[in-house]
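Annotation comment: Swiss-Prot describes Lys11, Phe59, Arg87, Thr93, Arg104, Asn114 as ATP binding site, evidence class sequence analysis. The active site, pros-phosphohistidine intermediate feature in Swiss-Prot is assigned to His117.
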Amino acid sequence: MTKERTFIAIKPDGVQRGYVAEIIGRFEKKGFKLVGLKQLIPSKDLAQNHYGVHRERPFFGDLVDFISSGPVVAMVWEGEGVILSARKLIGATKPLEAEPGTIRGDLAIDIGRNIIHGSDGEDTAKFEIDLWFNEEELCEWETSDAKWRSEN
């Protein structure tokens with residue numbers, strides 16, 4: 001099995017609204033393996049680096065303020081096709097456009113409070129994982145049911 005990894009963050013609104021267990025459960029039920037997990041209140045510097053691609057956008061300041069306003073649950077998930085699958089589990093950025101059954105479609109209402117962040121590609125995933133986690137914070141392990149998750 002290809003050991004692709006992605007970065008997922010439950011934003012302060014998702015933590016405050018009590019969705020941590022439900023969101024983790026959706027990824028586990030899908031068959032992905034959690035290899036990194038921590039809860040923290042991000043510094044402004046971390047938030048600015050994370051969302052640096054939006055630095056020139058008018059909403060950048062509000063986004064940084066929001067992400068650093070409360071606890072975030074930062075995670076690294078591993079599995080075959082995890083980046084694309086995670087994006088599908090999460091749903092569209094705008095909750096009103098997100099399909100029912102997705103995390104945002106079921107739980108979010110407002111684009112500025114859309115519960116969760118997920119890496120949008122391999123390069124982004126690597127950047128975000130390296131930004132939020134040190135190598136020693138990531139756990140290499142095998143699930144007892146790994147042979148039942150994939151043919152490879």
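Placement of Cβ uses the backbone N, Cα and C atoms for every residue, glycine included.
Distribution of Swiss-Prot features across the structure.
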residue : record                                          : CB count, 10 Å
Lys11   : ATP binding site                                : 25
Phe59   : ATP binding site                                : 12
Arg87   : ATP binding site                                : 16
Thr93   : ATP binding site                                : 13
Arg104  : ATP binding site                                : 22
Asn114  : ATP binding site                                : 22
His117  : active site, pros-phosphohistidine intermediate : 20
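The distance from the Cα of Lys11 (ATP binding site) to the Cα of the residue listed as 'active site, pros-phosphohistidine intermediate' comes to 7 Å. Here the C-alpha separation of His117 (active site, pros-phosphohistidine intermediate) and Thr93 (ATP binding site) works out to 9 Å. According to DSSP, Arg104 (ATP binding site) is assigned to a helical segment.
According to its DSSP assignment, Arg87 (ATP binding site) is helical.
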